[in-house]
Amino acid sequence: MLPSLHDTIAAVATPPGPGGVGVLRVSGPQALEVAARVWRGRDPRTSPGGRFWHGWIVDPATGEPVDEAVLLVFRSPRSYTGEDVVELQTHGSPAVLGRVLRLLLEAGVRPAGPGEFTLRAYLNGRMDLAQAESVLALVEAESETARRQALRGLTRKLSQKIDALADRLLDLLAHIQALLDYPEEGVEPHAAERVIASVLEEVEALLATADAGRRVREGARLALVGAPNAGKSSLLNALLGFERALVHDRPGTTRDYLEAALEIEGVPLVAVDTAGLRRTDDPVEAAGVERALAVAREADLILYLVDRSRPRPDPPSLPWARTIRLATKADLPAAWRDPDFLEVSAHSGQGLDALRARIRARLLGGASESEVWITSERHREALAEARAHLLEARGAPEDLMGMSLEAAARALGRITGREATEETVARIFQNFCVGK
Ligand SMILES: Nc1nc2c(c(=O)[nH]1)N(C=O)[C@@H](CNc1ccc(C(=O)N[C@@H](CCC(=O)O)C(=O)O)cc1)CN2
Ligand SMILES: Nc1nc2c(ncn2[C@@H]2O[C@H](COP(=O)(O)OP(=O)(O)OP(=O)(O)O)[C@@H](O)[C@H]2O)c(=O)[nH]1
Ligand SMILES: [Mg+2]
C-alpha cells in the first residue's frame, strides 16, 4: 500500500550529525500553514513561490526562539514534489533539527517515510520511476562514474530510450492487430521482423552495459599477489597516493592482508595487499600465504606482481583469466622481459596510467562512458524479460508475435513505471532514505 497523498509530511533532509546548515522539508496542502505557525518573519502563506526569507523559528506555545533560519517557499506545482513545499534551513545540529521537527509535528504534519518526497514527485507526474531511482543513485553515488550515470537517469536519458523502444513495439503491435482484423490490408512480414531485430539489438546493447553498471554501483575487489619483495605494498601505496602499507626490503614484510578503498578511473575499488607467496616453515607466515591465495580466489581482479630485476620465480596457481601480470621495479635494469607482463614502477610511476586503464577496461568491459548504462538490477531483469519475449516474437505467426510484442513492451514499461504495480513502486521507495 502506498501512503496517502492528502496529508502534509515533514522530515530532516540533511544527514545526522553536526553540519553548517541543516535542512527540513515540509510538503503537502498544509505546508505553508504549518510553517507559518513556527515562523517569525515574512508570512509564508502570503509569500510568492520561488522566494526565501530570513527569520526565526519559534515555539508557538511559548514564543521561545529556537533558531535563526532561512525559509524557502515553493508553490504547487512548481516544487520538487509538485505540492506546496516549505524548506527551513537552520543551523545543522541534531539538537536544532530535532526540536524544529518536533515543533512541525506538533503543528500538525506527519513524519515522512523513506523516499516519500520523491514518491510524491513520482505520483504527481513530476518524474518517472527510472528518474526517481536515479535520485536515489545520485544520493548514494560514490564515484564520478556512478554520479554521471545517475545524472543521465535523472535527466531521462534512459527513460527516453526505453520509452522509444516500447513505442516502436506498440506501433508494430497496432499494425499486426490491423492485419489480423483486415487480412487483405497486410503489413509486410519483413518489416515486422526488421523492427523486432532492431529493437532486440538495442535491448542487447543496453544489457551489455549492465555488468559495468553493477561494478560502478557495487565496486570491485582487487587483489595484489606475488612473491615476497615483489613490490606489492609499494604498488598499493603508489596507487593510493600515500603510504598506507609498510614497505621494507626484508622479504615477508606484509604478514596479514590489508584493505584500502580507492577509485580507479571512476570505479570504486577495495585493493587488498597480501603476504608474499612462498614456501615457509614459519606457521604465521604460512597462514598469511594461505590467506593471500584465498583473497585472490575471491577477488574480481588480481594483480600478479613479479620483480623484473631478479630471476623469475615459479608462478603460483591463480585464476589467470582474471589476472593482470605485472613486471615490477621497471626503473631497475631488467633480468627478463615478457610481453605478457605490463611493466610498472612504484618508484618512478612508470606504467601506472597504463595499469589504471587496464584495470578499468577489465572491470567495465567495452561499456563506453558516453552511453547510458543499466545500473539497476530491476532494470536489468526487465530488459532480460523483454529480450526473451522479442526472441519469441521473431519469426512467430502473427497472433503469437502480437502477444510476445505486447509482453516485451510491458516488460520495458516496468522500467519507467508505465506498467509498474503499486507493490513495485512501494518496494522501490523503501530503499530510499528519509528526507529524500
Ligand atoms: N534546497 C534544496 N536543494 C536541492 C533539492 C531540494 O529539494 N531542495 N533537490 C531535491 O532533490 C535537488 C534539486 N532538485 C530540485 C528539483 C526541482 C525543484 C523545483 O522546485 N522545481 C520546480 C520549480 C522550478 C523553477 O522554478 O525553476 C518545478 O520544476 O516546477 C527544486 C529542486 C538538489 N538540491
Ligand atoms: N627500485 C624499485 N624498488 C622497489 C619498487 N617497488 C618496491 N621496491 C622495493 O622493493 C622492496 C620490497 O617492497 P615491498 O613493497 O615491501 O614488497 P612486497 O611485495 O610488499 O613484499 P612482502 O610484503 O614482503 O611480500 C622495498 O625495498 C621497496 O623499496 C620499485 O618500483 N622500484
Ligand atoms: Mg608487502
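Here, residue 1 is simply the first one shown, and the rest follow in order.
Including glycine, each Cβ sits where the backbone N, Cα and C put it.
Automatic prediction, not curation, is the source of TrEMBL annotations.
Record features (TrEMBL):
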BINDING   ARG25, GLU87, ARG126, LYS436  (6S)-5-formyl-5,6,7,8-tetrahydrofolate binding site
DOMAIN    219-364  domain 'TrmE-type G'
BINDING   ASN229, ALA230, GLY231, LYS232, SER233, SER234, ASP273, THR274, ALA275, GLY276  GTP binding site
BINDING   SER233, THR254  Mg(2+) binding site
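Feature annotations (TrEMBL) mapped to structure.
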{"residue": "ARG25", "record": "(6S)-5-formyl-5,6,7,8-tetrahydrofolate binding site", "contacts (Cβ under 8 Å, 6+ apart)": "ALA10, ALA11, ALA13, VAL85, VAL86, GLU87, ALA112, PHE117, GLY435"}
{"residue": "ARG126", "record": "(6S)-5-formyl-5,6,7,8-tetrahydrofolate binding site", "contacts (Cβ under 8 Å, 6+ apart)": "PRO77, TYR80, THR81, GLY82"}
{"residue": "ASN229", "record": "GTP binding site", "contacts (Cβ under 8 Å, 6+ apart)": "ASP249, ARG250, PRO251, GLY276, ASP307"}
{"residue": "GLY231", "record": "GTP binding site", "contacts (Cβ under 8 Å, 6+ apart)": "LEU305, ASP307, THR328, LYS329, ALA346"}
{"residue": "SER233", "record": "GTP binding site", "contacts (Cβ under 8 Å, 6+ apart)": "ALA245, LEU246, VAL247, THR253, THR254, LEU258, ASP273"}
{"residue": "ALA275", "record": "GTP binding site", "contacts (Cβ under 8 Å, 6+ apart)": "PRO228, GLY252, THR254, ARG255, ASP256, TYR257, GLU285, GLY288, VAL289, ARG291, ALA292"}
{"residue": "LYS436", "record": "(6S)-5-formyl-5,6,7,8-tetrahydrofolate binding site", "contacts (Cβ under 8 Å, 6+ apart)": "ALA13, PRO114, GLY115, PHE117, THR118, VAL135, LEU136, VAL139"}
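With a cut-off of under 6 Å between the Cβ and any atom of ligand 3, the binding-site residues ASN229, GLY231, SER233 reduce to SER233. Every protein chain shown contributes to the tally, and the Cβ of ASP273 (GTP binding site) ends up with 27 other Cβ atoms within 10 Å. Maximum C-alpha to C-alpha distance over the listed (6S)-5-formyl-5,6,7,8-tetrahydrofolate-binding residues ARG25, GLU87, ARG126, LYS436 is 19 Å.
The Cβ centroid of ASN229, ALA230, GLY231, LYS232, SER233, SER234, ASP273, THR274, ALA275, GLY276 marks the GTP site; residues of that chain outside this set whose Cβ lies within 8 Å of it are LEU224, GLY226, PRO228, LEU235, LEU236, ALA245, THR253, THR254, LEU305, given in sequence order. Taken as a whole, the domain 'TrmE-type G' (219-364) shows an average pLDDT of 95 in this prediction. Counting every protein chain shown, the Cβ of GLU87 ((6S)-5-formyl-5,6,7,8-tetrahydrofolate binding site) has 21 other Cβ atoms within 10 Å. Here the binding residues for GTP are ASN229, ALA230, GLY231, LYS232, SER233, SER234, ASP273, THR274, ALA275, GLY276. Their largest Cα to Cα distance works out to 13 Å. The binding-site residues near ligand 2, defined by a Cβ under 6 Å from one of its atoms, are SER233, chosen from ARG25, GLU87, ARG126, SER233, LYS436.
Under the three-state DSSP scheme, SER233 (GTP binding site) falls in the helix class. Across the domain 'TrmE-type G' (219-364), DSSP classifies residues as 41 helix, 36 strand, 69 coil.
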